Each structure stands twice: as C-alpha cells, then as structure tokens.
Amino acid sequence: MNAELGVATVEEALEGARHIVAERISEDADLRKALRQLTFDEGVVISRKVMDAVDEQEKFKMYYEYREPVKSIPSHRMLAIRRGESENILYFLLELEAERPLGVIRRHILRAQGDWTPQLELAIADSWQRLLNSSIQGEVRFELKKRSDTEAIQVFRDNLYNLLLAAPAGPIAVLGIDPGLRTGCKIAVVDETGKLLAHDVIYLHTSKHGTAEAAKKVEALLQQHSIRAIAIGNGTASRETDAFVRDFLREKNIQDIFSVTVSESGASVYSASDIARQEFPDLDLTVRGAISIARRLQDPLSELVKVDPKSIGVGQYQHDVDQRQLQESLESVIESCVNRVGVDLNTSSWTLMRYIAGITERTALNIVSYRNQNGRFRSRTQVLEVSGIGPKIFEQAAGFLRIRNGDNPLDMTAVHPESYLVVEQIAESLQAPVEEIIRNPSLLEKLDKKQLSAGSYTVNDILEELRKPGRDPRDTFVAPSFHEQVRELSDVQAGMVLEGVVTNVTKFGAFVDVGVHQDGLVHISELSNRFIKEPSEAVKTGQIVKVKVLSADTKTKRIALSIKALLEPSPRPVKANSKPAQKPAAVSATKPAPAAAPKPAPAPKPAQTMNDKLSALSMKWKVR
C-alpha cells in the first residue's frame, strides 16, 4: 500500500492488481481466438427496432424482434440488418450464454487452485465484462460484415457476368425509344454498326392527335432506314409506349419488325457521362438515352461497358459493401467478359477495347485514331503500327482481337498468331488451304493429331476454334413476350401465368420483370422443384422465364411469383435397400388364421446414474 500513489487500503491494492490481470487476460491472442470461435459457434444475432424509429414502408418489419445463430445467418439477412442499423431503424447485438465465455477463460487461465483463486475469478469476470465482450463482439461483427460483403459481391459479379453476356440481337438497324409522359418519347435510329441516323420526339400520351402524328413519324423512319427492330426503354410510360408500338405494327401489318422492352438501368448515367458528351456533344441527354437503348439491343456488352456497373442495378445491397473491393471485382468481370467475346478491331469503340488484355484507355484511343486516319485494319500484325503497342502488348492482346474479311482468315478467330504455324501444319496435313478448312470443318475429322508439333491442349483448342471460327459464346437472341392485358400492377392477379425477364438474382431469390414497372420476387423456395442451395443454380440474369402469380399487393408494391408451380413435380428418389411391399396373407374362408404369438417383453434397461448423465452431458457440450 502507498497513500502517495492513491493505494490507501488493501481493497484498493487488490482492485488495482485485478485490473492488471484483467488487462493481461484480454491481451492473450490464443484466448481471444477461442472466444471469437465460441461466438461464431454459439453466438446469436439479435436485432430489435430502435425506440420511436419510423419505418414508413415497414421494410425491416421482420427484423423488429429477430434472432438467428451467428454461424448460419445468411449474408442477405445480415446486410438487411446492417442497413436497418445505418438508417437508425434497427440495432443489433451478439448474445452468448453468460457462463460460456467465462468457462473458456477459466480453462485457459486457471492452472491451479489457491488463496488467489477468488481474486482471479473476479479478474476473469471483469476482463470479460469490461474489456473482452465488447472487443470480441466488434471483431465478430467485422468478420460478419466481411463474410456478407464477399457473398454480396459474388452475387453482383454473377449477375453482371450474365447481363454482359446477354444475347445480342446483332448488327441490325434499330429504332430506340426512351419513353416519357409530359416531355414526350425521344426516338433515335441507329444503323447496323450503332451509328446515329436520325432522332425525333413523339407525344403519345397527350391526345389522339399526338398519337396519330407519332404513328406518321415512326412509319416514315421505318421506311427510310430499313429498321428491323424497335427497342423500348423499361422506364416511365414504357407499357403504354409498348402498347402503341404493338398496335401500330398490327394495324400496318408489319411482320418483319419486332419490338422488345430493354432495361434502361444506367442509361441516364451514361447520357450525362463524359463518354456520351464525347460521342454526341450536340445532342440532348434524353436523345443520348434513346441511342443507348437502341444499341443495348444490338450488343449489350459493347454498350454496358460505358456505364459504371454499380449503376446498372443488378446487385444485392451494393451500397452497403466495401466499395473498393466491389469496384475491383466488377472491373475484373468486365475484363473477363470482353476478352471471352473478343473485339472487332474495325468496328469496336475504345470504351470496349480498353478492357482487352494489355490494352489501356490511351492505347484504345490510339487504335481508334489510327483506324480513322488509315482506314480498316487488314491484319492483326498491323496493330503493331499503333503508338503504344509493342511486341509484349501484342502478345497479350492479339488472341482477343478480331478482323473480319481481312487478309488472313485466321484473324477472325480466337487462334493466337503464335499458333498460326500449327494451323498451317494442319492445312498441309489435310492438303487443303486454311480458307477451305474454315468453310468445311468436317475436313478436320481426317486429321492425325500425332503429326503436329504442338501439345494436345493447344491442338484441341485450335481444332475447337476451327470447327466454329469466330463463334460468339453468347446465347441466341430471343425476345420476351409480355401479357397484352397486364400493363399496371393493379392488372396482376393471383393465379395468372406470365412471361418475364430475370432482372436480378440474389441469395434469397430472383426478381422478374413481368412488364408492370415493378419486379416480382420468386423466392428461392419457389424457383425449382428440387433442392437448390443458390438461386443461381436455377436462373440467371437476362433469362426469359414463365411464372405463376402467387400474390400481388398494390399497397406495398410487392408481387410474389413462382416458377416451381409450373414445373412437373420431381420424382421421389427410391431407396436402394427398400424392400418390396408384401402382399397381405390370404385368409382361409373356413379356417381362421392362427393368432400371432405374443412378442416377449424387452429386457429393462439399466437405470442411468447421475454420474452417467453428467458425463454424457459434458461430452455433448465439450468445447473443442
């Protein structure tokens, strides 16, 4: 004791000693690891509504009084709780049975009993309550966030991948319409390469005169520019605009032009971007949006790479996750998709080419500048004349660059120039020119692979490409068909069977656009007639599906849909060791069947002692 140091009594000295011990306990790395693991294994996430908080749309109603084990809570529920917390509607904590962490600390700290044991017990309790509890909770909360962020980002990656690789309508002239009410619908015509040919404004929703005038303008554009498709943005007034287009095509008996609704998510972001201003400096924002809608139908990949992927709207709580990790992950997806499809050196924009391996934004701009000054590229090797492209960059990029109708037919394939000699060996072996092999891939059946100098993997890749030269890995385009009589949420009735497009896939289900400005949800339990762990096992973004309406609530603007309801029930698996059902024994009409002999009573089990019960219980709850 020392009064000068503020330790005047024995109790004060003991209290100071307990604080020192408590701090040392809290700094033990192995103990902290054990407590974290205990919280993950046995902890419970508890969320509650903040007192006096206003949740107008009751988005977080299910989490007002909610409990779920830490080890099993799905990422989307954890993210929902965190969002509720950030909006000051919910708060959450992690709960453990009071004695469990104290038991773990005792086993780690108490080596022997002595006079100090009561003081050490107090130090253990103080260390947990004052130092460790909040710290361990913070660490586990951080790990839960990391885990949910990772899963949410993976969902976004998968959705973006499927969206970017959506089926293109191809090089056709398209009329794009950006629907609107008061300001009218902006229309733009693009040719097969996406070049703007004409633009105008039509007013469909003001009067009958406006509709008649709109029909005249559309008819003139169709005749003047040989349009093959009409793309309608899915924003405000899209259903009314779609109805106008369908009625127009039917009245004019036009059967060689199809119309389709296109997602305009992110189109407004593109319209106001630097890229759009560079492309169309003299055009209004809304006209740029109509151009983007038309191009999205032609080639979704080429147009969507111009937009920040986070504005496309195919994520799951995307604004709540680590933004840097999200951005890096999404950029890698874009690069993967662009390189998988490849780019045409003579038609692709710099915004697309910048994602090719080895090509930077500056190099892509140099390629476009060279193309504008010197005309079409005739061969892949010609790209070496572009400023900023040397042998190393060419080696990285060449396999993803395509040249159609060039000097070398292999330049339109994914075969790398380094492998052209192998193709020449193949041609020599088959005694046929390369052009003939590409036109008639059946010649490859006669090839003896053993005569080739390259390895088997390289040869197989080359042969696969020669069988389908310049093939596009994306699906064939199919236009969805929305129900003619379903245009508003109020038109949707339980029991209806509708066709729609999957717009987003999350951990808990898939959202489907059925043409009423409000996507419906197909919960994971309604996606398939078999057990699935992830919704992505059953559907993907951009997929056209048929759904049955389970319910539609105009107040909450929620539509519940089912795909499973339209599927054949899956057969129940038959157990391999199941015995065939035995036929009942025939009973004689004259002689009754003998009564079955009574079964002997089972021998009584020996009674468990209290020690046996305690031993079994300790084994059950033993902490590893």
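Including glycine, each Cβ sits where the backbone N, Cα and C put it.
TrEMBL entries are annotated by machine, without manual review.
Taking TrEMBL as the reference, the stretch among 295-349, 570-624 described by the feature region 'Disordered' is residues 570-624.
According to DSSP, the domain 'S1 motif' (495-564) comprises 7 helix, 33 strand, 30 coil. In the predicted model, the domain 'S1 motif' (495-564) shows an average pLDDT of 92.
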